[in-house]
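Listed features, source Swiss-Prot:
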BINDING   LYS45, GLY52, ARG53, GLY54, VAL94, GLU99  GTP binding site
BINDING   ASN190, ASP204  Mg(2+) binding site
BINDING   ASN255, GLY312, ILE313, THR314  substrate binding site
DOMAIN    9-235  domain 'ATP-grasp'
Amino acid sequence: MNLHEYQAKEILARYGVPVPPGKVAYTPEEAKRIAEEFGKRVVIKAQVHVGGRGKAGGVKLADTPQEAYEKAQAILGMNIKGLTVKKVLVAEAVDIAKEYYAGLILDRAKKRVVLMLSKEGGVDIEEVAAERPEAIHKFWIDPHKGFRPFEAREMVKRAGLEGNLNKLAQVLVALYRAYEGVDASIAEINPLVVTTDGGIVAADAKIVLDDNALFRHPDLAELREVEAEHPLEVEASNYGFAYVKLDGNIGIIGNGAGLVMYTLDLVNRVGGKPANFLDIGGGAKADVVYNALKVVLKDPDVKGVFINIFGGITRADEVAKGVIRALEEGLLTKPVVMRVAGTAEEEAKKLLEGKPVYMYPTSIEAAKAIVAMVGGAA
């Protein structure tokens, strides 16, 4: 379940992450009143469940309350990637000295939470992963031991982040506590800002909650706004898997958030552009794979699909059966490449032998193949 930026910031603040003061406005008049209340420069930010708001014109600075009114008026009602902006966050602008990226996801293969840090914050992290993968530093956290301040300080040093070491470490520990506390599947701060006076603040934030854990958080479940979500994200949620719509033309299906994120990075690195994040989870049966393909192929932007599976509790032959069902029902009208490894790998290959699905032994070969088939980035 996706949260709006202001909701993500409220959660982070609850766990001790510093965030700029901000309030939600539904009208230009409300935006003006909030700006008057703050009495300083503000940023007006569209609240929709998609990325790329800044590029679409959904983030604007305002020096005066009247400007806040005008900028909010321009943003409210705007269509960003198929979603209408119905509210904006009016937040105090921060004086930026440095911008970093910090994000947490679950790596199912390693049974660890992975912390990603980069000195290149404030930009699309997927672009950084594609163009400069060495700029993203990854650290695995044992959830049984937790994440301790001395480990956070060591990670900050290894990633080369500059600023108050202790403050940065405290923010990372608080981010992890928030991630764990609300059962998130993704928690990101981008940018994590070092201000000109040496402060640390989360200028933007993203949290995706694990739908399977919402029963433990009825207060958070009530925040769901179905009308604010992409229709495909709603459908995927109904099927029980994590799906996030992205900007590209290559559908991505994998098992485990870590593997899916790696696959997104890989496709970007070889010149492609992912159309989505879709994690079928562990132990997925054929019907789950079939439903995942249904969702991905409903996206008109998708020109081809890359299925990347590492079989542990997920059996590769079950994945193959789901693909075969989609073939038999005529769903696979776009090229599909697959890389499968692990449990029942050979059985999967035998099942798919002679089928119009392209099998590759490694992820990099599969990524290069699908990018070539769809003609590169969208």
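The backbone N, Cα and C atoms fix where each Cβ goes, and this holds for glycine too.
Features per Swiss-Prot, on structure.
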residue: GLY52; record: GTP binding site; DSSP (3 states): coil
residue: VAL94; record: GTP binding site; DSSP (3 states): coil
residue: GLU99; record: GTP binding site; DSSP (3 states): strand
residue: ASN190; record: Mg(2+) binding site; DSSP (3 states): strand
residue: ASP204; record: Mg(2+) binding site; DSSP (3 states): coil
residue: ASN255; record: substrate binding site; DSSP (3 states): coil
residue: GLY312; record: substrate binding site; DSSP (3 states): coil
*asked:* I need the CA-to-CA distance for ARG53 (GTP binding site) versus ASP204 (Mg(2+) binding site), whole Å please.
replied: 12
*Give the distance between the Cα atoms of GLU99 (GTP binding site) and ASN190 (Mg(2+) binding site), rounded to the nearest whole Å.*
8
*Which of the listed binding-site residues (VAL94, ILE313) has the least company, meaning the fewest other Cβ atoms within 10 Å of its Cβ?*
ILE313
*When DSSP states are folded down to helix, strand and coil, where does LYS45 (GTP binding site) land?*
strand
_Which of GLY52, GLY54, GLY312, all binding-site residues, has a Cβ with the fewest other Cβ atoms inside 10 Å_ = GLY52
*Which residues, sitting 6 or more apart from ASN255 (substrate binding site) on the same chain, put a CB under 8 Å from its CB?*
ARG108, ASP279, ILE280, GLY281, GLY282, ALA284, ILE309, PHE310, THR314
*Restricting the comparison to the binding-site residues VAL94, GLY312, ILE313, which residue's C-alpha is spatially nearest the C-alpha of ASP204 (Mg(2+) binding site)?*
VAL94
*asked:* Test of understanding: give the count of other CB atoms lying within 10 angstroms of the CB of THR314 (substrate binding site).
replied: 25
*Enumerate the residues of the same chain, ASN255, GLY312, ILE313, THR314 excluded, that satisfy the criterion Cβ within 8 A of the mean position of the Cβ atoms of the recorded substrate site; list them in sequence order.*
ARG108, GLY256, GLY282, GLY283, ALA284, ILE309, PHE310, GLY311, ARG315, GLY342, THR343
_Candidates LYS45, ARG53: member of the binding-site residues with the richest Cβ shell (10 Å)_ = LYS45
